[in-house]
Amino acid sequence: VCVCNTTYCDTLDPLVLPPPGSYIKQYRHRWQGWGGPRCDPLSHWAPLPADVVLNPGQTQRFQRVKGFGGSVTDAAAINILSLPEKAQDHLLRSYFSEEGLEYNLVRLPMASCDFSLHAYTYDDVPYDYELKHFSLRDEDTKLKASSGREQEPPMPTGGLAAPSRCARVGALALPHRTNSPPRQVLEDEEAARYVHGAQRAGAEPPMPTGGLAAPSRCARVGALALPHRTNSPPRQVLEDEEAARYVHGIGIHWYLDFIGPIQDTVLPTHELFPDYFILATEASIGAHFWERDVILGCWDRGNQYSHSILTNMNHFVTGWTDWNLALDLEGGPNWVKNYVDSPIIVDSSEGIFYKQPMFYHMGHFSKFIPEGSQRVGLVASKESKKTALEHTAFLRPDGAVVVVVL
């Protein structure tokens, strides 16, 4: 792991495109030695192995990218705010700035999730259908709302939004209530009141359930249906004309990929509903009962992230959003004790945080594949004799091509 504190945190150089006809190879491997709290840079100029040629073919063009990011749960905000202010700045910059991973998406749960200190809604009074008792909670105004601190780029305490003066807002329909008719959620006045309440509280930008903030010059509202991957396409929502009017995309989670492979679930969904984008909205390791919660420095968990992202992107998914931006050494807090791992682990007793291999694996996508990039075909000259290679290629808006290889 890489250790960050109030005085030191490793940084990454802003991306500089190579001259035409040349390339930059940026890599990190499990045997790379890290001395003390400092970490070696990500960049390194080097040739590819001579026995394998990867040829991006720009005549084949597929989905466009929306981006990469993580989630500001209550737990993430609590852990970030538990650090000294300078360490908080290092953590947020590590994710969102040019010297970090350049995340451009943020997911913000509305009301509580398991990564809260307790269960709550914005109206806990039974049968209050008119929402007379609706109100935001301290978790919104004290953990996730802007603190007013001026930073460059501007980022509220707790990492509410990616650096942006204006953001695109999206909502996830049916986040955990997939057995309910979509109209119950899509016509839910509580969600609308949350947006207005967040505006009054000074949270900028406001984000409803599962909201995604991305840099944009103007605000747009969209909705994602069915974030939990199921064995059947989301026809119940998208074939309902009234419900489909509210939906722009489909959200998926990764937890059952080992049961329902993406090629058997996501690909058929894309083929049935090609006009709706698909976005991976949650992933975390340690959620299954057979897994340890937090393992500092586990390279295999970084590989799992990269494998998932590569598989998703090669099957028409437009972006990949991690779960908690930061957790403690136990993998929480979590009121139901459903502890998991995170790319950043905070040790508040020492005023430090650890960057895991998962963090750097995320960077190989988020830092080099910006919003608006388009996936292109990629052909390997032959299979590698030493190991199986996974790879994908994207044409960036600036005309450069990015190839990511695991």
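One-based numbering along the chain as shown.
Glycine residues also receive a Cβ, built from the backbone N, Cα and C atoms like all the rest.
Annotated domain 'Glycosyl hydrolase family 30 TIM-barrel' per TrEMBL: 65-145, 235-369, in sequence order. If you look up TrEMBL, you'll see 142-152 marked as compositional bias 'Basic and acidic residues'. The region 'Disordered' annotation in TrEMBL covers 142-162. Annotated domain 'Glycosyl hydrolase family 30 beta sandwich' per TrEMBL: 372-406, in sequence order.
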Task = Take the domain 'Glycosyl hydrolase family 30 beta sandwich' (372-406) and count its residues per DSSP category (helix H/G/I, strand E/B, coil), listing them in that order.
result = 0 helix, 17 strand, 18 coil
Key: Mean of pLDDT values spanning the domain 'Glycosyl hydrolase family 30 beta sandwich' (372-406)   = 88
Key: Three-state composition of the domain 'Glycosyl hydrolase family 30 TIM-barrel' (65-145), taking helix and strand from DSSP   = 27 helix, 9 strand, 45 coil
Note = The correct DSSP tally for the domain 'Glycosyl hydrolase family 30 TIM-barrel' (235-369) reads 44 helix, 29 strand, 62 coil
